[in-house]
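As recorded in TrEMBL, the features of this protein are as follows:
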| type | residues | note |
| --- | --- | --- |
| TRANSMEM | 12-34 | transmembrane segment |
| TRANSMEM | 46-64 | transmembrane segment |
| TRANSMEM | 70-93 | transmembrane segment |
| TRANSMEM | 105-125 | transmembrane segment |
| TRANSMEM | 131-152 | transmembrane segment |
| TRANSMEM | 164-186 | transmembrane segment |
| TRANSMEM | 192-213 | transmembrane segment |
Amino acid sequence: MAIHHETWAFVFGLLGNVISFMVFLAPLPTFYQIYKKKTAEGFQSLPYVVALFSSMLWIYYALVKKDASLLLITINSFGCVIESIYLAIFLLYAPSKTRLCTIKLLLLLNVFGFGAMLLSTLYFTTGSKRLSVIGWICLVFNISVFAAPLCIMKRVIKTKSVEYMPFSLSFFLTINAVMWFFYGLLLKDYYIALPNTLGFLFGIIQMMLYLVYRNAKPKTLEEPTKLQELNGHIVDVVKLGTMAPSEPNHVTKSGAVTETATNV
């Protein structure tokens, strides 16, 4: 029976890798627009910084866990590479003030934040306790990421418009959460399974909202706020898919390009 569970876990993990791979590539249209216009003005780097940090966390967790962790390492390694490329392009074309803010954010979260966590877990914890501490850090971080869609759902209800919440993205993020939930459940790894339960729940709610408001007459906000989805930035083993207020890479009727953050 143990072999049977491991086999199914591998299947779900492999499917999770495939879907997560596609979600990681979701921001490509955004960066094509940035490259084409030679400017990242109006776009935010936060989703990509958070996605990079999430991938780094899960790789560290997988390396410490060792058992049945290959599929976590593969997708999150790809996540680190692609998010680094996104950020390099962003920094290349960002205005000087935005570039400086992004560098500060990277240093704060991905260098000093991750470094502090790494050193503290290496020197102050050992064995199963170390794995437990890292697992809880990953779990709490990704729950906060999955809670991000609350912002976009509030916007949909307020404006009665699903312009910034495409059904296809919500659908694939939900399926992704299902894959990683069963992967974690079958391996009895609840640090992976629990956050994805929340991801699945919010994904279902987003799709229900889409069906409710897809034909509704949109309301115009007095001061439209540009939102960007962190949830889209797949927290792989969980993702993330997305991670904070968001809106899809999208060309509005006015011709303005809005941005989508991918949902590890």
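Using N, Cα and C of the backbone, Cβ positions are placed for all residues, glycine too.
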Is the transmembrane segment (46-64) in contact with the transmembrane segment (131-152), using at least 3 Cβ pairs under 8 Å (sequence separation of 6 or more) as the test?
yes
For the transmembrane segment (12-34), I need the partner stretch with the highest count of C-beta pairs below 8 angstroms, choosing only from 46-64, 70-93, 105-125.
70-93
Do any residues, 6 or more residues outside the transmembrane segment (70-93), come within under 8 Å Cβ-to-Cβ of it, and if so which ones?
10, 13-14, 16-17, 20-21, 24-25, 27, 31, 34-35, 38-40, 43, 45, 48-49, 51-52, 54-56, 58-59, 61-63, 99, 102-103, 106, 183, 192, 233-234, 236-237, 264
